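Annotated features, as they stand in Swiss-Prot:
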- Gly10, Ala11, Gly12, Lys13, Gly14, Thr15, Arg128, Thr137, Phe138, Lys196: ATP binding site (BINDING)
- Thr31, Arg36, Asp57, Leu58, Val59, Gly86, Tyr87, Pro88, Arg89, Gln93, Arg157, Arg168: AMP binding site (BINDING)
- 30-59: region 'NMP' (REGION)
- 127-160: region 'LID' (REGION)
Amino acid sequence: MNLLIMGLPGAGKGTQAAKIVETFELIHISTGDMFRAAMANQTEMGVLAKSYIDKGDLVPDEVTNGIVKERLAQADIKEKGFLLDGYPRTIEQAHALDETLKALGLTLDGVINIEVDPASLIDRLSGRIINKKTGETFHKIFNPPVGDYKEEDFYQREDDKPETVKRRLDVNIAQGEPIIKHYRQAGIVRDIDGNKDISEVFADIKKVIENLK
């Protein structure tokens, strides 16, 4: 079983990916882990990626695609199957993944697409506040500070401000839509309502994956 998980930042993709991997005993392939392993093992693509990172440059698509190909070519992939997380990020990377899978004799069985209302994601992602004195982190909705606090006792990181979060989501939506469309045309997308609580979302995902078998 070879799967891809997609969802906007804050949609709970990381939490659900961990549950999928544990339940179905798949290999979790996340972009960050792949890069770290390739660089640590000094693979051809890992050495190349490090040369860009050390200079502070963006790693080009062909190097990222090469790192993915190196990982998918390893023996454990055919034995166990995989869950791709964080790749592809662009439609060009999706086309490159198609070519890689074809070259390796692998198929993508399903794309788990966690859908969450962007407005609620902005609330989720922009709710983080930090106590100016203690540095403690709270969330306006999910973990509000208890006690005699005033609003001016807290500050918000630039990254967490609603307008910044909205811009980030807009970029993710613009990049993600063509990828979802590409996989819809292949008939392998399974939409999951991510507005429910974590256990309900996973129950829906589990059902979908079991039906793919």
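Keep in mind that glycine also has a Cβ here, set from the backbone N, Cα and C atoms.
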Residue pair Arg89 (AMP binding site), Gly14 (ATP binding site) - Cα distance, angstrom, rounded: 15
Site of maximum Cβ density within 10 Å, from binding-site residues Arg89, Arg157: Arg89
Length of the line joining the Cα atoms of Gly12 (ATP binding site) and Tyr87 (AMP binding site), in Å: 16
Secondary structure content of the region 'NMP' (30-59), with strand meaning DSSP E or B: 21 helix, 1 strand, 8 coil
Rounded distance in angstrom between the Cα atoms of Arg128 (ATP binding site) and Val59 (AMP binding site): 30
Neighbouring C-beta atoms (10 Å sphere around the C-beta of Val59 (AMP binding site)): 18
Fewest other Cβ within 10 angstroms of its own Cβ, chosen from the binding-site residues Tyr87, Phe138: Phe138
Rounded Cα separation (Å) that holds between Gly14 (ATP binding site) and Asp57 (AMP binding site): 26
